[in-house]
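Going by TrEMBL, these are the annotated features:
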- 43-296: domain 'G-protein coupled receptors family 1 profile' (DOMAIN)
- 27-50: transmembrane segment (TRANSMEM)
- 62-89: transmembrane segment (TRANSMEM)
- 142-165: transmembrane segment (TRANSMEM)
- 198-228: transmembrane segment (TRANSMEM)
- 248-268: transmembrane segment (TRANSMEM)
- 275-296: transmembrane segment (TRANSMEM)
Amino acid sequence: MLVSNNSYVAPKFFILNGIPGLERVHVWISLPLCIMYTISLLGNLGLVYLIHQEESLHHPVYFFLAMLSVIDLFTCTTTLPSALCIFWFNLKDINFNAYLVQMFFVHGFTDVEFRVLMLMALDHYVAICYPSRYATILTNPIITKAGLATFLRGVLLIIPFLFLVKHLPFCQRNIISHTYCGHMSVVKLSCASIKINVIYGLTVALLIGVFDICCISVSYTMFLQAVVSLSPADAWQEDFSTCTVRKSAPIITYVPAFFTFFTLHFGVHTIPPSLHLIVANLYLLLLPPTLNPIVYEIKIKQIRDSVIKLFQGEKDPSIQDK
């Protein structure tokens, strides 16, 4: 790797080492991952299809939910195949440029997901607090612009990571104890100062995490205040139940995400590396993509009714023939 005059070339490939210490049970670890991935595919594809087919679901909140499902599908599909190649076939090598591409998608989709969760919280607030103006505030052009802005924010914030990593010297270190391509995982291998990478990573985390969480918290707080003061008891209970369901998605996403982020950046040595890697895999690859469609399809009445209507509609012709 060393060329001359303290100049270095980038490694041709990295080795993703899976979960060190648990190599003997890699195959067993892969089984629940496959089951969850299958559930994620069926749940999210079914949800997107349902929202597309049912006109009663052609409203902003369900469009945002469809965006969330598409993002979840892309996130787990981008990362899970490489993890399974490690667990099943011991294929650990990944080209340097391929590593950067997967890293871009991993962090980019994560950012976009956080932003969509914030948009869903704001949508819920507008729907409850300004019902008469809801249709004029959240029009299709506004939704389109919000979706485009969400995507562009993710791209613009994550692209600098690629350049920062591309210009780091790695000397002869290219073994990464992980199953997917993350920014801090590769940065820690560098034999130069990584202060800029750490500072930029923390800045992006504050912009993505803290700002979005504050917006979500404020919107739900104002929503609850409005519900308590304006709604009768039965409506209050229904709205509160819906609010609880919608808050579950940010909790599912943010809590393990911040756990992974802080253990990577600040090196919490009391946490076993294997536990950190398992949590990182679950939060990024499968927990949100698997649980989000289940929670929404079971708990939100409009979606549940649409699912029942869809299956009943398939049975109606045979019933009429009789």
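From the backbone N, Cα and C atoms, a Cβ is placed for every residue, glycine too.
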Contact call for the transmembrane segment (275-296) against the transmembrane segment (62-89), three or more Cβ pairs under 8 Å: yes
Integer average pLDDT (0 to 100) for the domain 'G-protein coupled receptors family 1 profile' (43-296): 80
